[in-house]
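A.B. asks: Below are the features listed in TrEMBL for this protein:
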ACT_SITE  Glu221  active site
BINDING   His66, Glu69, His157  Zn(2+) binding site
DOMAIN    56-247  domain 'Succinylglutamate desuccinylase/Aspartoacylase catalytic'
DOMAIN    263-334  domain 'AstE/AspA barrel-sandwich hybrid'
Amino acid sequence: MSALFAPHKDFLSATLADIPEGREAAQEREVVENNGVVFRFTGHGALMCAPSSPVTPRLIISAGVHGNETAPIEIVNEIVSELLEGLHPVRRECLFLLGNPPAMKAQERFIDINLNRLFKESATAGPGYEPNRAAELIAQAQDFVPPGETCWHYDLHTAIRGSQIEKFAVYPFLPARQCPTLQLKLLAASGVEAVLLQNKPAATFSGWSAAEYAAESFTVELGKVYPFGENDLAGLANLKSQLLALIAGDDAAIKSYSGKLPEQFQVVEEIINTGKNFQLNIAEDTPNFTELDVGYSVWRDDEAEYVVSDSPVRIVFPNSKVGPGQRAGLLVRPLPGILLS
Ligand SMILES: O=C(O)CCC(=O)N[C@@H](CCC(=O)O)C(=O)O
Ligand SMILES: [Zn+2]
């Protein structure tokens, strides 16, 4: 157990033990140094490590933006404990963020409102727990990444339902960019088999870091939601070792990857609950990436109907329970023969 967490055993239990109302000032006692690497609590559920001669760019690893998505929280917790024990080299400045501690404690996706829709200026001032937490997570990232610099950001999640492709990533939209081969290799070596290219900006955490820093940032979906203690962490061993390679500044390990790269899909439609007797025609247990044929009626409301045209689409994140104005799913199509950069 590190002195950093005393009297708690690790980053996660320390984070869940005392949940403050507002932003917590970093305390001097919350610093430890291990083999020249400084570890510091920078706020609630926020821990950074800084080696003396770091490689760039800086790295943000977040988990638990949705409180019940526990597998990546457990992986981040393991990584932090092992780094503090000196079990792995640290040659990159890293910020580890546990997104929504009260929701983790409650084993819920969120407390008052979906945190992963609040990463924009106008949404961080509303009532409830999450707007304030979004502001805090943004402030943590801004304190960590100096002005004019960029970062890499992996926001780790698990999905509500099963999936025809178990591990996949969402690449936020920035005009005229392609997903770099290095990132595709890193994701593939982590077990990720598909990347969804967003078609417009989003107020997700990874969407925010992409817009703020032109960051190589991803929402990474790592399988299905299970409660704490019930995850198959062995299935995330590749992800963990790739994150440790990044933390160690060992890009060579990633560059040398020669396996199959993830299939890329273009988001062609974001389905929004219109609030006008909106009806999503997708069964609750439909796995992500299920193909919908031309002519299929995906949704309808009092005024409109969306029918698949031209060529089949695949449905990802279908959710008929979201409120008006919220995303009820994504429609994607495979992207053939994309040029690699
Ligand atoms: O399984 C689901 O329906 C949701 C899983 C999840 O939380 N996904 C993220 C994706 C964020 C993105 O589009 O980058 C979310 O909905 O916030
Ligand atoms: Zn999530």
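Backbone N, Cα and C atoms are what each Cβ position is placed from, and that goes for glycine too.
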A.B. asks: Cβ within 8 Å of the Zn(2+) site centroid (His66, Glu69, His157 excluded): which residues?
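C.D. replies: Not counting the recorded site residues, we get Ala63, Gly64, Val65, Gly67, Asn68, Pro72, Arg109, Asn116, Leu156, Thr158, Ala159, Val225.
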A.B. asks: Helix, strand or coil at Glu221 (active site), per DSSP?
C.D. replies: strand
A.B. asks: At the level of the C-alpha atoms, what whole-angstrom distance separates Glu221 (active site) and Glu69 (Zn(2+) binding site)?
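C.D. replies: Between the alpha carbons of Glu221 (active site) and Glu69 (Zn(2+) binding site) there are 10 Å.
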A.B. asks: Tell me, how many other CB atoms lie within 10 A of the CB of Glu221 (active site), whichever protein chain they belong to?
C.D. replies: 25
A.B. asks: Inside 10 Å of the Cβ of His157 (Zn(2+) binding site), count up the other Cβ atoms and send me the figure.
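C.D. replies: Excluding its own Cβ, His157 (Zn(2+) binding site) sees 26 Cβ atoms within 10 Å.
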A.B. asks: Just checking: which of the recorded positions His66, Glu69, Glu221 have a C-beta under 6 Å from ligand 2?
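C.D. replies: Those recorded positions that pass the cut-off, since their Cβ is under 6 Å from ligand 2, are His66, Glu69.
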